[in-house]
Amino acid sequence: MTTTILSTSFQAGSSERGATALDRYGPVTRPDLAYTPEVAAETAPIYEKVKDFIPEIEWPLLAPLIHAINKLKRERNAVVLAHNYMTPEIFHGVADIVGDSLQLAKEAARTDAEVIVQCGVHFMAETAKILSPEKTVLIPDSKAGCSLAESITAEDVRGLREKHPGVPIVTYVNTSAAVKAECDICCTSSNAVQVVESLNAPRVLLIPDQYLAANVARQTDVEVLTWAGACEVHERFTAEELREYREIEPAVKIIAHPECPPEVVDEADFSGSTAGMIDWVKTNLPEKVMLVTECSMADNIASETPGVDYVRPCNLCPHMKRITLSKILDALVEMKEEVTVDPEVADRARQAVERMIHLKS
Ligand code: 13P
Ligand code: SF4
């Protein structure tokens, strides 16, 4: 089936923010960040996993942060959820749960911890808050946005409803809570086809990623209307560069995220969410592989896939890269930055997210 792209407008997603988490949880002493023999010994197994990406000279600066964060997590009854695009020292050093957007959303709903530190971008932290309104959700840098989430507003979605009465609206999870609240159901890159088909409608709106929508449309008979949003990281890959790499390295396996344009996905041996890509590499253990996605992915799985050679290119997500160990430590010491969502908006957005989570797979 074909996709039709509708108009777009750009405006940052919004959410209310409170500043009282520190009052509620009380102060803690800021940890000493000395690289002591105890810190060196406790973090040695972590360094083993990241040593190919972090020079030895930098470890005495990172290890005390990792040690302090892991200690503070216990004091604060906090859990660190980290997206697959976090840097290796976060992914292997302080994350309790790692995953793609769907896995993180499910884990946010499931955890018993009182505090969630969301190491990812703002829409992910909002999704955690929507699913766990009673928990305190912190994001180490609330400026960690997303070009997809910023491409559409709640008002835009209301406009689409008016223009396409009766057409169900599926929103990619990479959107603000206010946008989710206007939609019928959420999807992620790992379940988008299933979600679209679950609606039993001849035509659906799948917003805001035009490329995800185009990639989904090729796998279903449902007509897919979309929006002109795009991921600034994945839209930069071109089919031509992948063909050039294949020419140089004919044995290379290419796997691409479905936020890439369809002609890029056409050049790939497999396309899937970040978790799907990781599973594919772990199952197939190719000699050479190119992950057509954000750069940290390859670094994070390299230690678990010995013998696999990761071939570039990759692109950095500047928003994901705002999250650092220092900011995670500050988040736990100062209980900032707290993510809040208007309860009425959260109730409506939750319906869209839960409808997706409860779909039978
Ligand atoms: P995943 O759901 O595949 O982890 O994707 C999230 C994302 O932001 C990719 O750019
Ligand atoms: Fe958004 Fe793209 Fe960054 Fe993912 S990689 S957070 S979709 S800008």
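Note that Cβ sites are derived from N, Cα and C of the backbone, with glycine treated the same way.
Positions annotated as iminosuccinate binding site by TrEMBL: H83, S101, Y172, V173, N174, S189, H257, P258, E259, T274. What TrEMBL lists as [4Fe-4S] cluster binding site is C146, C231, C317.
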Between the Cα atoms of C231 ([4Fe-4S] cluster binding site) and N174 (iminosuccinate binding site), find the distance and write it as a whole number of Å.
10
For C317 ([4Fe-4S] cluster binding site), which DSSP three-state class applies?
coil
Could you check which of the binding-site residues H83, C146, Y172, C317 have their CB within less than 6 A of ligand 2?
C146, C317
Sequence-ordered list of residues in the chain of H83 (iminosuccinate binding site) that lie 6 or more positions away and have a Cβ within less than 8 Å of its Cβ, or none, is V98, G99, D100, S101, L104, C119, G120, V121, M124, T274, M320
Out of Y172, H257, E259, give those binding-site residues positioned within 10 angstroms of C146 ([4Fe-4S] cluster binding site), comparing C-alpha atoms, in sequence order.
none
Only counting partners 6 or more residues apart, tell me which same-chain residues put their Cβ under 8 Å from the Cβ of C317 ([4Fe-4S] cluster binding site).
Y85, V121, E232, V233, E294
Mind computing the max CA-CA distance among H83, S101, Y172, V173, N174, S189, H257, P258, E259, T274, which the record assigns to iminosuccinate binding, rounded to whole Å?
17
Counting across all protein chains shown, how many other Cβ atoms sit within 10 Å of the Cβ of N174 (iminosuccinate binding site)?
28
